[in-house]
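Features of the protein shown, as given by Swiss-Prot:
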- ASP19, HIS20, GLY21, LYS22, SER23, THR24, ASN136, LYS137, ILE138, ASP139: GTP binding site (BINDING)
- 7-189: domain 'tr-type G' (DOMAIN)
Amino acid sequence: MTDVPAVRIRNFCIIAHIDHGKSTLADRLLQATGTVDERQMKEQFLDNMDLERERGITIKLQAARMNYQAKDGQQYVLNLIDTPGHVDFSYEVSRSLAACEGALLVVDASQGVEAQTLANVYLALEHNLEIIPVLNKIDLPGAEPDRVIGEIEEIIGLDCSGAILASAKEGIGISEILEAVVERIPPPPNTVDQRLRALIFDSYYDIYRGVIVYFRVMDGTVKKGDRVYLMASEKEYEIDELGVLSPTQKPVDELHAGEVGYFGAAIKAVADARVGDTITLCNAKAAEALPGYTEANPMVFCGMFPIDADQFEDLREALEKLRLNDAALQYEPETSSAMGFGFRCGFLGLLHMEIVQERLEREYDLDLIITAPSVVYKVITTKGEELYIDNPSHLPAPNDRERIEEPYVKVEMITPETYVGTLMELSQNRRGIFKDMKYLTQGRTTLTYEIPLAEVVTDFFDQMKSRSRGYASMEYHLIGYRENPLVKLDIMINGDPVDSLAMIVHRDKAYGVGRSMAEKLKELIPRHQFKVPIQASIGSKVIASEHIPALRKDVLAKCYGGDISRKKKLLQKQAKGKKRMKSVGTVDVPQEAFMAVLRLDQS
């Protein structure tokens with residue numbers, strides 16, 4: 001690899017809402033610069049997880065180095081850092097933005113600006129990135145570039161005089177994009193002579209080489225064989241492999257300020273090479289770490305239990321391996337009276353939870369029971385202590401707590417005018433507080449609500465999509481905790497509380513939720529040899545109950561006529577057996593029952 005001066009390096013990323021054609025555009029850029037052989041080219045080249053291809057979304061961050069001969073005759077190195085577009089992964093976006101000097105803002109010319117685009121653009125502006133607007137999909141019959149340019153200027157306030165019209169699918173406008181990257185995105189500052197500081201923006205676990213770290217050199221130079229020090233985890237390593245990603249890994253001997261690459265150093269766990277950490281040299285440590293890193297905090301929690309108790313160790317190993325690749329996944333062991341041993345896991349949001357669950361089942365062959373998601377509540381005890389509780393069964397007794405506070409999020413929805421009414425109704429049903437409503441261009445509106453996170457994590461997104469026929473988009477971020485009259489709703493099956501079905505709900509909604517839970521469980525739990533009562537209770541007060549009738553064998557089938565006392569004797573014997581069975585028998589609760597909590601109809 002030839003050494004390219006920092007002046008001819010460009011580090012950029014692509015910001016786009018889900019489905020606006022970001023991965024396809026990345027493919028075209030790789031092809032146009034000859035980085036990937038035509039023979040090896042496949043769609044969504046940078047999305048290398050099967051799950052990403054299937055869902056058509058980007059989850060893990062990828063990076064690619066492209067060599068580009070610009071029109072001015074100079075050879076440039078373009079480092080493309082791909083970013084995910086989904087709201088759950090905004091922490092991954094902020095990491096990749098910190099490694100760039102510029103961004104391509106890709107907007108679908110037929111759909112216009114969506115909520116997520118907006119959120120990511122604000123992140124990019126916070127990092128002072130140069131933003132180049134690109135209108136994608138202009139080959140579609142419904143494309144309205146002029147309207148969308150107006151939207152970008154009005155909503156985001158970006159000057160769109162230099163906006164590029166493109167179609168990644170047809171390959172239109174690709175050379176213009178590459179030229180714009182060279183001309184408009186500033187080169188990284190030339191700080192080769194300073195002490196080494198490099199930012200880790202991703203890492204993944206390789207079973208042969210240990211953790212492979214993707215990083216961007218901010219200052220100084222790093223060489224193969226250097227002993228490096230990671231400032232946040234306070235660990236030392238020797239670099240035994242160093243290289244660049246183009247997009248497959250190519251070894252090099254050294255990387256200078258402004259370059260993006262990877263290294264391997266026999267690191268055992270990703271927790272030791274945290275994303276956002278600063279790399280510096282052991283013998284010439286930098287004075288301070290790079291700014292702008294925040295720990296990704298999980299917002300949604302749920303219990304994961306193996307259906308087969310023998311798989312507990314396998315689940316632990318699988319979670320450890322996923323954790324190697326996923327800095328935001330948290331877990332701790334948990335025991336449940338109904339389901340035995342499992343883990344309490346923390347996620348960034350619902351999509352993150354689904355993806356982790358799907359990867360556990362698909363890549364590690366596990367059969368899991370997942371409990372309903374819950375959020376982190378803040379409990380102020382009578383002694384004035386603050387407790388953070390992510391599991392309803394850990395809630396202190398009513399006389400030990402003064403108040404419960406729940407997290408609120410600010411939800412911004414962008415929707416066509418037609419659906420404003422139904423989305424307002426949805427938000428109000430979810431205890432939302434109306435904050436703002438703005439009319440954008442031609443029949444599009446933004447709605448701003450403050451809604452408890454617990455109401456958003458279950459199925460708010462699905463409901464919003466179905467009510468707006470898929471046209472609305474949303475984005476949310478945490479705004480803090482507020483006090484509400486919340487109660488713990490216990491579900492008892494056959495007289496025993498099932499801790500995995502317990503939840504914390506608003507007092508006004510408790511009766512409705514308890515009622516529908518009991519009805520749903522009655523449908524889903526199979527009939528047993530004895531009568532099974534299902535009760536929903538708050539404290540010791542039962543607020544809803546249902547019964548699953550017993551299956552009974554016809555013990556009188558063999559009596560033809562004959563004495564009534566003989567029949568009575570048989571019936572009494574059966575009743576006695578049922579009674580004994582009721583006291584010792586266990587009720588089998590299927591996985592669907594736990595999932596039912598997710599799909600309670602509360603829209």
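Each residue's number is its place along the chain shown, starting with 1.
For all residues, glycine too, the Cβ spot is worked out from N, Cα and C.
Put plainly, the binding-site residues SER23, ASN136 were compared by Cβ crowding within 10 Å, and the winner is ASN136. Around the Cβ of ILE138 (GTP binding site), 20 further Cβ atoms fall within 10 Å across all displayed protein chains. Reduced to three states, the DSSP call for SER23 (GTP binding site) is helix.
DSSP classifies ILE138 (GTP binding site) as coil under the three-state reduction.
Averaged across the domain 'tr-type G' (7-189), pLDDT for the predicted model comes to 73.
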